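Enquirer: Here you go, one structure.
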Amino acid sequence: MEMKAEAITVNDQQWKEFTLVNNNGMAVSILDFGGIITKILAPDRDGKLENVVIGFDNYADYLDNPGYFGALIGRVAGRIENGQFEIDGKSYTVPKNEGENHLHGGEPGFHKSIWSAEPFEKDEEVGLTLTLRSADGENGYPGNLRMTVNYTLNNQNELSIAYEGIADQKTVLTATNHSYFNLSGNLKTDIQDHEIKLDSSKFVELDEALIPTGKIVDVDNTAFDFRQGRPMKDGVSSEFKQNLVANHGYDHYFLFDHSQDVSATVRDTASGRELKVITDQPGVVMYTSNNLPEGLKLRERESVRYLGLCLETQASPASIHHDGFPSVWLDKDEKYSAKTTFVFGVIE
Ligand code: G6D
């Protein structure tokens, strides 16, 4: 196990990048800025280590980062309709940073804050503890919030992300990580031929503004049925309204059936890489980078549509305005905790 730290100067800011390395050579690089995962080196079927996430070539590009590459997202990941919610009869407004709605916690949010970072090393794992305090009223969110995120890499090529939070007032909170996975290695291909399997029989219907309508829809007989596995490109060619709403792909919250330990599996047969997702979260936003800005200068190439797969495990902001959705409400002094493990392996 190894931990490396590097100081990075970006404009007038001093950042740090920590690289966790396990005994297999798998490596995960993380910035204290936004808790951003900038690189993950994972083996293919021949043991060749290549990068499997989208990341910028120039660190300064993370100051803008319109796609939220690799970043921790919060206080509320996803969209809050009208940027408005009520708690005990009091109305709160958060920034309408996407049209009439609120997206991904606003600015700076978790993704553009500098987190306090403490690396740690144990016999069989190496990791990074990130902490952040978000003041009452920041971006309109109520309550002084203390957040802790632990990134941990072990020798089974498992990268765990464990989130904890507590606030001194009732508030809303659901955090996630916004990495764009691409198992081809060094972004050789897009993700259209990645095979995806999800332990989910229901997903949340969206309107044209990608806001939940309040309906939960069965996946049966649609391109949203990933229970047996299917190639991501089925969502590109699908004429099903919800694939069209997402601009020819997926950008939807899937509710997990929790019928098995592994909630999601992604495979790239060309490289032989496989990614399994194990989580305590009730669902996941699967986003297939349908709206990824093109032409961004990434480490290996320029960005194009469908270059990365986001698996944003989280609760659902739809619960703010609708009953029957996995809740993002957090009571005063209630402990928020969430854990997702990404297991990098090869297809048996
Ligand atoms: C687009 O609609 C998508 C979001 O789901 C995604 O998180 C964001 O790009 C980065 O707005």
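Cβ coordinates come from backbone N, Cα and C, glycine included.
Predicted automatically and left uncurated, TrEMBL annotations should be read as such.
As listed in TrEMBL for this protein:
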{"type": "ACT_SITE", "residues": "His178", "note": "active site, proton donor"}
{"type": "ACT_SITE", "residues": "Glu312", "note": "active site, proton acceptor"}
{"type": "BINDING", "residues": "His178, Ser179, Tyr180, Asp251", "note": "beta-D-galactose binding site"}
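Buried or exposed, and what's around them? Tell me for each listed feature.
Expert: Other Cβ atoms within 10 Å of the Cβ of His178 (active site, proton donor), summed over all protein chains shown, number 25.
In sequence order, Ile73, Ala77, Gly78, Thr176, Asn177, His178, Val284, Val285, Met286, Tyr287 are the residues near Glu312 (active site, proton acceptor), counting only same-chain partners six or more apart with C-beta under 8 A.
Counted within 10 Å of its Cβ, the other Cβ atoms near Ser179 (beta-D-galactose binding site) come to 26, all protein chains included.
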Enquirer: Taking the centroid of the Cβ atoms of His178, Ser179, Tyr180, Asp251 as the beta-D-galactose site, which other residues of that chain lie with their Cβ within 8 Å of it, listed in sequence order?
Expert: Gly67, Tyr68, Phe69, Phe181, Tyr287, Ser289, Gly308, Leu309, Cys310, Leu311, Glu312
Enquirer: Running a distance check here. Ligand 1 versus the recorded positions Ser179, Tyr180, Glu312: which have CB less than 6 Å from one of its atoms?
Expert: none
Enquirer: Using Cβ atoms only, which residues of the same chain lie under 8 Å from Asp251 (beta-D-galactose binding site) while being at least 6 residues apart in sequence?
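Expert: The answer is Leu206, Leu210, Val285, Met286, Tyr287, Thr288, Asn290, Asn291.
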Enquirer: Just checking a number: largest C-alpha distance across His178, Ser179, Tyr180, Asp251 for the beta-D-galactose site, rounded to a whole Å.
Expert: 14
